[in-house]
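Student: Structure provided below as structure tokens; questions to follow.
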Amino acid sequence: MLGRATSWLRRALPMQGEFVTEAEERLVRKLDFMICPIFFLINFASILDRSSIGNAKIQGMDEDLGLNIGNRYNIVLVIFFVPYILLEVPSNLLVKHVRPSYYLSGLVFFWGIVVMCEGFVNDYQSLIGLRFLLGVLEAGIFPGIAYVTSMYYKRFEYQRRLTAIWTSVILSNAIGGLLAYAIAHLDGHFGIFIIEGAVTAFFGTIAVFWIPDWPEQNKYLSLADKEMIRQRLLADQPVDEEEEIDVRKFGAIVFDWKVWVSSLIAFGGTVTAYSMSLFLPTILNEVGWDAVQVQLHTIPVWAVSFVVAVMVAWISDRLQHRSLFVVGLSIPPVVGYAILLRQELMPRKVQYAATFLIVLGTITTPIVFAWLLNNLRGHWHRAVGSALINSIGNFGGVVASNVYLAREKPRYSAGYGTALASILLASFGAVGMAAAMYRANQAQDLAERNSLPETESDRSGPAHRYTL
């Protein structure tokens, strides 16, 4: 039945041909080993270090630093996002001009030092300052990873690789709690920051030898490999060689409607992602489990998310389709949040089951990234676009940090209601963007787009079709 359904979908959805030679397959395998593992580890460390504060909180940090007074904990969370959001675009513009190996490894090293320092704070104000610095240093990580990766792979190879990297988020959330509990049991909750930060800083010093530079700078690729990468990408998505960016070009990219609608979709998924990352331990704690049981019960939730994310990435690239999966993955969290909003009527097992449904909404993140970058052409467009979607989308982190209010526990009606509304907004945005792109493809089929000037047709030329 599944095979027949897949065959029907392949016939029903618009597809683009893809032919890969044996030489290309060997090159892609080489790139996979070169790119995915190191970026997986960097993103894993990024999520682990920024989210460890949630695990430290339930181990007693809130009482030691007075984070349980008013909305102090929410302020500590939200201050991270101020520089994180504002600096993502400048960071990607900078990485375009330098070697990613130097730039990204430097960020890893210095944020590791900052996390170590969090283990030595003894007051609320110092923690706020360090969380701000952490946001400065982590701002360039995921947009930089997404941007660099997009310059090596064809459009319908990209999501599988980006999802493989992004699943580090799931692994971090799954084992981060147990790791934090083990460290806290040995050395108190401040040891969580000291040990995790020291490991990250050391990792940053060796990552410089592993992080790939731009294809033309990559010392691990032969001249033949570099030329094959260039030819593959040119055949997949023809684009003129780009000059340096100026104000006019930058403005055209910033006001590209695809970037803003994609960012709206990403915002909805990010509210759910940060709700789960920062507050899942708290939510499960309010269900009635102690700290050890909470950490154990988070693992199956993230394990299910991991399996579904990998399956969706493979199917999405196979079908060469994105929007269907963004909309489809919005349905389970809607049901999950509806359950938690009426949790007083639900037994503990049903409330726990709701978290499995909600976490599926986090999987939309790499799909939306891939969808946008599939439809952007050129170095600068991808540099700015990948940073903008992450920057605007991460306003969801600001929202999530401020709507789970201690005075509302255990119901957290503002948190659940806001996340539910955000997911619905994202699904409506995905439907709207898919419809607009479908109409544009239909217009091109009728040769209407070919009569438009390049600036009005998104530089989409006769050979370009939007990925739906």
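Positions of Cβ are set from backbone N, Cα and C atoms, glycine also.
Since the structure is predicted, the reported quantities are computational estimates derived from the model, not experimental observations.
Got these off TrEMBL a minute ago, pasting:
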TRANSMEM  33-53  transmembrane segment
DOMAIN    35-444  domain 'Major facilitator superfamily (MFS) profile'
TRANSMEM  73-95  transmembrane segment
TRANSMEM  102-121  transmembrane segment
TRANSMEM  127-150  transmembrane segment
TRANSMEM  162-184  transmembrane segment
TRANSMEM  190-211  transmembrane segment
TRANSMEM  259-279  transmembrane segment
TRANSMEM  299-316  transmembrane segment
TRANSMEM  323-340  transmembrane segment
TRANSMEM  352-373  transmembrane segment
TRANSMEM  385-404  transmembrane segment
TRANSMEM  416-438  transmembrane segment
REGION    448-468  region 'Disordered'
Student: Report the listed stretch (102-121, 323-340, 416-438) having the maximum count of Cβ pairs within less than 8 Å of the transmembrane segment (190-211).
Tutor: 102-121
Student: State the mean pLDDT for the domain 'Major facilitator superfamily (MFS) profile' (35-444).
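Tutor: Summing pLDDT over the domain 'Major facilitator superfamily (MFS) profile' (35-444) and dividing by its length gives 84.
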Student: Which residues of the same chain, at least 6 past either end of the transmembrane segment (323-340), have a Cβ under 8 Å from a Cβ in it?
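Tutor: Sequence-distant neighbours of the transmembrane segment (323-340): 13, 265, 268, 272, 283, 312, 315-316, 346, 350-351, 353-361, 363-364, 367-368, 371, 412, 416-417, 419-420, 423-424, 426-427, 430-431, 433-434, 468.
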Student: Would you say the transmembrane segment (416-438) and the transmembrane segment (33-53) are touching, if the rule is that at least three C-beta pairs must lie under 8 angstroms and be 6 or more residues apart?
Tutor: no
Student: Using a Cβ cut-off of under 8 Å, list the residues of the same chain at least 6 residues beyond the transmembrane segment (385-404) that approach it.
Tutor: 71, 74, 77-78, 80-81, 84-86, 88-89, 91-93, 142-143, 146-147, 150, 253-254, 256, 258-260, 262-264, 266-275, 278-279, 282, 365, 368-369, 372-373, 376, 412, 414-415, 418-419, 422
Student: Take the C-beta pairs under 8 A between the transmembrane segment (299-316) and each of 259-279, 352-373, 416-438. Which stretch has the highest count?
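Tutor: Looking only at 259-279, 352-373, 416-438, the most contacts with the transmembrane segment (299-316) come from 352-373.
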Student: Honestly, do the transmembrane segment (259-279) and the transmembrane segment (416-438) touch, with at least three Cβ pairs under 8 Å and pairs 6 or more apart in sequence?
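Tutor: Answer yes: the transmembrane segment (259-279) meets the transmembrane segment (416-438) with 3 or more Cβ pairs below 8 Å.
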Student: What parts of the chain pack near the transmembrane segment (162-184), using Cβ distances under 8 Å and only residues at least 6 beyond its ends?
Tutor: 36, 39-41, 43-44, 47-48, 51-52, 55-56, 59-60, 145-146, 149, 191-192, 195-196, 273, 276-277, 280-281, 291-292, 294-296, 298-299, 301-303, 305-306, 309-310, 312-313, 362, 365-367, 369-370
Student: Which sequence positions outside the transmembrane segment (102-121), separated from its termini by at least 6 residues, show Cβ-Cβ distances below 8 Å to it?
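Tutor: Contacts of the transmembrane segment (102-121) (Cβ under 8 Å, skipping residues fewer than 6 from its ends): 42, 45-46, 49, 52-53, 65, 94-95, 127, 130-131, 133-134, 137-138, 140-141, 144-145, 190-194, 196-205, 207-208, 211.
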Student: Looking only at residues six or more beyond either end of the transmembrane segment (416-438), which have a C-beta under 8 A from one in the stretch?
Tutor: 257-258, 261-262, 264-269, 271-272, 275, 323, 326-327, 330, 333-334, 337-338, 340-341, 358, 361, 364, 368, 375, 396, 399-400, 403, 466-468
Student: Report, as numbers and ranges, every residue of the chain located at least six residues beyond the transmembrane segment (73-95) whose Cβ falls under 8 Å of a Cβ in that stretch; write 'none' if there are none.
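Tutor: Sequence-remote neighbours of the transmembrane segment (73-95) are 50, 53, 57, 62, 67, 103-104, 124, 127-128, 131-132, 134-136, 138-140, 143-144, 147-148, 245, 278, 383-384, 386-388, 390-392, 394-395, 397-398, 401-402, 404-406.
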